[in-house]
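One structure is given below, encoded as structure tokens.
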């Protein structure tokens, strides 16, 4: 069996990654595909512990709503509810694939999910359950990228795996718009900031750098890439605190 590099990971999924070809809403076929891939990983490597933070941009974006005149905090809270909708959809697909799953939310909604408690989250992971963190950090103005950096540090993850929608790593410009865009195999967080590469927002990047958390950016749309990232195969771009 292939050796694995990361034993406890935080998988960051954008909301758009669950939207499928339509680009918005929840595409159940796409959700099922992601869930089945995660289930295969758990069967192949039962010792691997997987936590997930998903975005909500397929359902709502707080910042544009605020620019349109809505109260920013309220707009962000709506976005947090969107992440819970995505989390519940993914949890259902995982359960149907035979994986025991727990959804923990930063805002209490006990009828549908457990409240986020760090020790409880770690205990679920140790028992082999996939843990999905919903509702962001529970506070407005913080992105789900920041949530991923925060939760990864809290659960002592070995790495953040950032699945991108159709982009296989970090480039010096948008490869979908520039055919001559150059892909980076490895970067430091300082280089990401200096080159103004749009990997994650500055708050998330600063937290990941401060906690020296490795980040693997890869194409989620290519089947098997989550497992390859866990195994440490040479896919995507690896970002570290230092060379």
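Positions of Cβ are set from backbone N, Cα and C atoms, glycine also.
So that you can see what the record holds, here are the features copied from Swiss-Prot:
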type: BINDING; residues: 12, 13, 14, 15, 57, 61, 165, 171, 174; note: ATP binding site
type: BINDING; residues: 56, 76, 137, 138, 139, 140, 141, 142, 143, 144; note: UMP binding site
type: REGION; residues: 20-25; note: region 'Involved in allosteric activation by GTP'
Query - Most distant Cα pair in Å, residues 12, 13, 14, 15, 57, 61, 165, 171, 174 binding ATP - result: 25
Query raised in the report: Say you check the Cα of residue 56 (UMP binding site) against those of the binding-site residues 12, 14, 165, 174; which is nearest?
Result: 14
Requested in this report: Quick one: pull the CA-CA distance for residue 14 (ATP binding site) versus residue 139 (UMP binding site), whole Å only.
Outcome: 18
Requested in this report: Report, in whole Å, the straight Cα-to-Cα distance of residue 143 (UMP binding site) from residue 12 (ATP binding site).
Outcome: 12
**Report entry** residue 174 (ATP binding site) versus binding-site residues 137, 139, 141, 143 - nearest by Cα
**Finding:** 143
**Report entry** CB-centroid shell, 8 A cutoff, UMP site 56, 76, 137, 138, 139, 140, 141, 142, 143, 144, site residues removed
**Finding:** 62, 79, 80, 136, 146, 147
Report task. Could you list the residues of the same chain, at least six apart in sequence, whose Cβ is under 8 A from the Cβ of residue 165 (ATP binding site)? Result -> 14, 16, 17, 220, 221
Query - Set of same-chain residues at least 6 away whose C-beta sits under 8 angstroms from residue 143 (UMP binding site) - result: 136, 200, 201, 203, 204
Query raised in the report: Looking at Cβ-Cβ distances, which residues of the chain lie under 8 angstroms from residue 139 (UMP binding site) while being 6 or more apart from it?
Result: 106
Query raised in the report: Sequence gap of 6 or more, C-beta under 8 Å: which same-chain residues meet both conditions with respect to residue 137 (UMP binding site)?
Result: 106, 146, 147, 150
